[in-house]
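Heads up, the thing below is written out as structure tokens.
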Amino acid sequence: MSAETVNNYDYSDWYENAAPTKAPVEVIPPCDPTADEGLFHICIAAISLVVMLVLAILARRQKLSDNQRGLTGLLSPVNFLDHTQHKGLAVAVYGVLFCKLVGMVLSHHPLPFTKEVANKEFWMILALLYYPALYYPLLACGTLHNKVGYVLGSLLSWTHFGILVWQKVDCPKTPQIYKYYALFGSLPQIACLAFLSFQYPLLLFKGLQNTETANASEDLSSSYYRDYVKKILKKKKPTKISSSTSKPKLFDRLRDAVKSYIYTPEDVFRFPLKLAISVVVAFIALYQMALLLISGVLPTLHIVRRGVDENIAFLLAGFNIILSNDRQEVVRIVVYYLWCVEICYVSAVTLSCLVNLLMLMRSMVLHRSNLKGLYRGDSLNVFNCHRSIRPSRPALVCWMGFTSYQAAFLCLGMAIQTLVFFICILFAVFLIIIPILWGTNLMLFHIIGNLWPFWLTLVLAALIQHVASRFLFIRKDGGTRDLNNRGSLFLLSYILFLVNVMIGVVLGIWRVVITALFNIVHLGRLDISLLNRNVEAFDPGYRCYSHYLKIEVSQSHPVMKAFCGLLLQSSGQDGLSAQRIRDAEEGIQLVQQEKKQNKVSNAKRARAHWQLLYTLVNNPSLVGSRKHFQCQSSESFINGALSRTSKEGSKKDGSVNEPSKEAESAAASN
């Protein structure tokens, strides 16, 4: 073979200019865990049914032993109007339910029993009812305050927790959205089940040590309501009023503004259970939405950025976009721009998370302020109008759905916020920051530069009006202010009419932008209205919140519950007094010193009862709870209190006198 023929078969220079081989995209196959999902749900559903039957029998026996009639207490797994109970069990179960809702919506198979995709909508409806029924025993096991219930709750929570962890260890990667999305999305659910797995054994241990109260009606016997009444009846120390009229310093105002967004617990105030559940579910919703927004977009942007090659130069040339004559340079520019898009998107999601966290913290502060205001009967400052605090059909419907609405509004608001923030940051980066750094594509600056006479005219017109108003048209005389040079004022307002029209156009655009941003930022909050005060009723979120407050205040007022607790306590003391009479008849005499102490304690008790009764009668938020005030019209109430000038004023005076006589007789008897 000749040398020329050998050179023809020489392939040594084939790979000199070859492009580097790209790593193949990882393909995640479907994973079936060892603990089959369908089989597990069949078994756990049967176990849950057996647990419910056992709890029903225990509840029936407990009611018979307490001489109570009616349906079993299991129909009410938790008392949502009890502010003194342990909130952890209900909060954890609600967190598990919301995590299952997120996974169910994104899954192709909402129900674990079937793999059918054709009728997904119908299976979705069934799943919305199945999962609350499945996790119902986890909440019901803590209702009876019984050791058997705690044992069953421990077994159920351990089973759910163990199987879920087993499944995630078997299949950490799934093809759903992102390979680790299912794993990260289940972390809140794992945390809630872990809390239940720890809390039920702890309650069982307390029950065995007799440190856990076994009375289901411990709400009224709690010291929380008595402490609340003691605080409001306690004489407040007179505050020193400073004679100086100077405004607070900037540092003080900034400190107060920061404090208004930080929730600090108080000893004599406890959040209602519904609000506690809403806050925790809102935090879980915030995490789930952030995870979904990141996992659903960033992997796609990574794939697009890795797939950019020299063909992108021909694609851009088809749209008459020439970034560079060198195709490798075009690839680097496009990859850099895509990287900037990723940074903008991550910044938008981060900003949305921070804004929603800030709004949630502010909402917690306002929740407490509104509840305490309504406890005092100050409905005018809370609702901005006169409203009666009493249950109603729409109020009850809104109270039932408050927690769900809060989570839904937060999810929707976060999605819209991320989109708007992403667009704003994208425009700022590609129209302002990158052109300034690279000195190219200064289109926005060219447009602004060509219109500089127009902007200068508007600025000068606004500046002239402010300066003239400050030094020419306002006269200070003897501490008062009045208009001056009225002729010049009228002339200037006429001359600048057309210029002010153009300023009005700019201000109108700015008004639209500010209003849209404000509503978007506060979309996840229900404690403020996004509409004007006159049309607040058309804001479904604020309307739901207002009705929720009505139910909470009318049914869980601390003063009312303290009064009911004292009534129960006095009925128990009647039995003790009868026993003392029998002991006295048998010849048992008490020491004289003890008699004096009893007299002093009885006097203090009577005085406390009288103060509580007087507060109960005159509390504006409890006026609607008295039967003979149910027929009063709304015009008879001023800020929740009965008007003394109304025609029914005599009824109110009579109602005050009657409890007064009762209190005096109680004090005399004691």
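Each Cβ is built from the backbone N, Cα and C atoms, and glycine gets one as well.
Taking the topological domains listed in Swiss-Prot, GLU121 lies on the same side of the membrane as PRO299. Counting Cβ pairs under 8 Å to the transmembrane segment (402-422), the top-ranked stretch among 88-108, 347-367, 453-473 is 347-367. Cβ atoms under 8 Å from those of the transmembrane segment (88-108) belong to residues 78, 80, 117, 120, 124, 127-128, 131-132, 135, 138-139, 142, 160, 176-177, 182, 185-186, 188-189, 191-193, 195-196, 199, 273, 276-277, 280-281, 284-285, 288, 292, 403, 407 of the same chain, restricted to positions at least 6 beyond its ends.
Across the topological domain 'Extracellular' (109-121), DSSP classifies residues as 2 helix, 0 strand, 11 coil.
Residues 26, 28-35, 37, 103, 106-107, 190, 291-292, 295-296, 299 of the same chain lie 6 or more positions beyond the ends of the topological domain 'Extracellular' (167-182) yet place their CB under 8 Å from a CB of it. Helix, strand and coil counts under DSSP for the topological domain 'Extracellular' (167-182) come to 6 helix, 0 strand, 10 coil.
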